[in-house]
Each structure stands twice: as C-alpha cells, then as structure tokens.
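Trainee: Encoded as structure tokens, here's the structure I'll be asking about.
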C-alpha cells in the first residue's frame, strides 16, 4: 500500500529540509522539475507543443523550471502566467528570469489558442491551497479541462484538496500527476482519482 502523509507533514518536511538539513529551496525546485520533466518524457504523449500554466507561488516556479528544461531539449513550449506579479515567490522570480534568458515565450492570457497545444502542464496551485478556487482561476481551470491536450499536474491538480481529495469549487483533471517525496493523504481518496489520473511519486531528497 502506498505511504501517504498529510499536507502539514509535507510542508514541515520541506521546511526542515531547507532550514535544518541545509538544502536550498531552489535546489529542491530544480530536482522536482527534473523529475516532472522525466515523467513526461516517459509517456507516449505528443510533445509537439506544450503549454505551462504557472501560478504565482512555488508550484508555478516548478512549472517554469519544467518549461525551461523542455525548451532546452527542443520542445516548443509556451508559458501562461497567472496571478499578481507582486506575489511571485523568490524562487518563481528566479525561474522566470531563467526562462526569459532561454527565450521561452510567454503568451497573453487573453489570446491563448488552447486547441493548438498537445500537452498542458498545470502548475497553478500546489498542496497549500486552503480555500475554494475563485476569480479568473476558475475560468482558466475550465479552459484546461476543455482543451484537447493531455494534462500533467505538478504536485497536485490545481483545485484539489491535498488533505481530503475533495474538489475546492473546480479542479484540473489531470492525466498524470507528478508529486514529490510522498503522496498526500487526499490523493489516494476514491473521489480524487478522476482528477489525479496516473500518480507518480518522485524522490527529490526531502527529509521526511
């Protein structure tokens, strides 16, 4: 049986790894991105045109790192940025700077041609989401679900509660979820299965 931990335990383990063990958050982010990209490479999906939808926090930073890793391998990747730039985490800002250095295109949220993408990477919200999805996030999650692309979620499908497995208003429906260290309790709940898709748990060196 798959071992699972609570969202709080995951957050504490992440913090301990950084503060006590001494592994910087940016290193953990890069490890997570390398694993998520590797998970994607091992699918039989058409990677002709990938869209990374990134929120303003570290989950978005993970997605941006994946975008860059795919781009340097020759994949046509676009980035869609959601959220207030004033709220970008430090790691997110670093990853965005690196993406710009590699000339990874950023698309206008008002002019996204959803039908042209073969894969969409969901990096909007992580397991820390604690309230129902609201505002334009609802619209973008619905657009992801309506698109013909295959969907990979980074850590957890955006809008799914990592503790209970319940949908917080609306949730991305992923074909593949790449999570890290351990699965979170809510991910293995029966009600979460239609949103999680195939679950891959990746070791990135979190002390847990």
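Even glycines carry a Cβ here, placed using N, Cα and C.
Keep in mind the model is a prediction, meaning the values are calculated, not measured.
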Trainee: Per TrEMBL, which one of 158, 163, 171 shares the K(+) site with 59, 122?
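Mentor: Matched candidate out of 158, 163, 171, per TrEMBL for K(+) with 59, 122: 158.
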Trainee: Give the sequence-ordered set of same-chain residues, not counting 59, 122, 158, with Cβ within 8 Å of the centre of the Cβ atoms defining the K(+) site.
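Mentor: The surrounding set, listed in chain order, is 53, 55, 60, 63, 123, 124, 125, 126, 153, 154, 155, 156, 157, 172.
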Trainee: How far apart, in angstrom, are the most distant Cα atoms among the (6S)-NADPHX-binding residues 58, 59, 60, 61, 62, 126, 127, 128, 129, 130, 131, 132, 137, 155?
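Mentor: The two farthest binding residues have Cα atoms 22 Å apart.
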Trainee: Please report the Cα separation of residue 137 ((6S)-NADPHX binding site) and residue 59 (K(+) binding site) in Å, rounded to an integer.
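Mentor: So the Cα of residue 59 (K(+) binding site) lies 15 Å away from that of residue 137 ((6S)-NADPHX binding site).
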Trainee: Could you tell me which of these binding-site residues, 59, 127, 158, has the fewest other Cβ atoms within 10 Å of its Cβ?
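Mentor: Selected from the binding-site residues 59, 127, 158 on minimum Cβ neighbours within 10 Å: 127.
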Trainee: Among all the protein chains here, how many other CB atoms are within 10 A of the CB of residue 60 ((6S)-NADPHX binding site)?
Mentor: 28
